[in-house]
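Working notes, beginning with the structure itself.
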Amino acid sequence: MPTNFTVVKVEDMGDGSNSGAAAGGSRPISLDKVFQDEGDITNLQEPESDENLKESTPFINSNNDEDHSYDGKNMALYEEEMDSTPMVASLLNKLANYTNLTQGVREHEEAEDGGRRVAVMVPQMGTFVGVYLPCMQNILGVILFLRLTWIVGTAGILESFAIVSMCCICTLLTAISMSAIATNGMVPAGGSYYMISRSLGPEFGGAVGLCFYLGTTFAGSLYILGTIEILLTYIVPTATIFKDNNGEATPNNMRVYGTCCLLLMALVVFVGVKYVNKLALVFLSCVVLSIMAIYAGAIKTLIELPEFSVCLLGNRSLKNELFESCAKMEVLNNNSVTTDLWNFFCESEYGNATCDEFFTLNNLTEIPAIPGLLSGVIKDNMWSNYGPAGMVIEKNNLHSESPQIPSTDRDQYFVFNDITTYFTLLVGIYFPSVTGIMAGSNRSGDLRDAQRSIPVGTILAILTTSFLYISFVLLFGACIEGVVLRDKFGVSVKKNPVIGVLAWPSPLVIVIGSFFSCCGAGLQSLTGAPRLLQAIAHDGIIPFLQ
């Protein structure tokens, strides 16, 4: 049976409700008051969560008294609305904001800038910019530009393949283990140390974190020494302070200039890593341009050979930075005159002067430093050429006459081995060139999808750099003369880096590119190592660091 109700609006009693009740309740209680009381009781019993609050206010222009913020929230109804930015423009924007700093460094700098805290940005890095490029930049470094040609010339192509394969397989297995951790649950922000310590426990995390800290610290010294070697050997060779009896630079120059460079980099990091962050794209561009110049130079040898040549006395390589003409006598104004080489090995400049016996018995030969891909020099560079320190670098398939009484008075004009070489030594020298695979996991807090980006980006970077190193071993062995490959500092090619002799259009591309690459890697090590030690100390694993 239907019943009709009539709702009559009744004014609130306000403060006089008690008096009304005391009068016998002659006036009815307000419905608004009842509903308000019930709402208060519900709020006291069950606090409203943030999700319920969002659902209770579906409109942006809400009339509620509370002000809700919608900044940074995705209000799109469909996913297609978020893909309005073109792919090329999005990629260029990501490259413009590219950073090679470890997780937390940039946010820490921005938070302390101006004495105010800045809200951390929502992670927006993908696999390519967040993991692949940092790993590539860290793996391709100083060893590639300064020592890989010497390793190929000393170990030969076959053993160089073995060295590269061993080191790349080692890092690939490490990356696979790291990927297993990254895909096993949520990846925490804070880099590889946090990822390992939060997944495997503080014991494993502390042990691995300390080794990682020491490795990052010593890597900084490696990059600083590489920077100073490029500076003193190829850019400003006249800046050497300490010299030996033969006029050669001594290791004390590396110590003095390396200490000054370390202090300068530490000052830059102390002033602010945001300045380092601004140069991250410059350092990455130097690496990419240098690699492209190497490949372009190797291809160019099929068309035209570089102008660099090597002067051999018998089968021994000479330091041609000291002379221009690779001959004993030359014709000048229809007259035969002696050359600078004659003055080096003889007592006077006259033709009847007494000369070194090895210089008298052997002829001078000038051969191209870069014979090219079609020259067949790959057959000569296939096998190893190990030797003790002080051994003269000689061309294998060339014969020379040796004197009955060997003399060492003129040996300073030949190219020598500076250290004793053997297989395990070359493995130890090459191995730092494949490190740097943790660069992607160090940015775990900046990645949009860390579980997917870390394994894919790291393994792809390792495979790419392994291909680059193997191809470089093959190109160096097939293009460059063996005596030039074993010349560590390029003194037989006018004091140019051997890899720069092959590069196109000029060796300066490699010199400048490797210099800035080493500077950037050194700055990154100095910014990343203290942050890692700070994270270890913050966890309280090592008591005295607290």
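Including glycine, each Cβ sits where the backbone N, Cα and C put it.
All annotation found in TrEMBL is predicted automatically rather than curated by experts.
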Response to the item:
Range annotated transmembrane segment in TrEMBL (choices 193-215, 216-238) is 193-215
Worksheet item: Between the transmembrane segment (419-439) and the transmembrane segment (126-148), are there at least three Cβ pairs closer than 8 Å, leaving out pairs fewer than 6 positions apart?
Response: yes
Response to the item:
Relative to the transmembrane segment (126-148), the stretch among 160-181, 193-215, 279-299 with the most Cβ pairs under 8 Å is 279-299
Discussion item. Quick check: do the transmembrane segment (497-516) and the transmembrane segment (279-299) share at least 3 Cβ pairs under 8 Å, counting only pairs 6+ apart in sequence?
Written reply: yes
Fill in: seg_contact(the transmembrane segment (160-181), the transmembrane segment (254-273)) with at least 3 CB pairs under 8 angstroms, min sep 6
no
Fill in: Leading stretch by Cβ pairs under 8 Å, where the reference is the transmembrane segment (279-299) and the options are 193-215, 254-273, 459-485
459-485
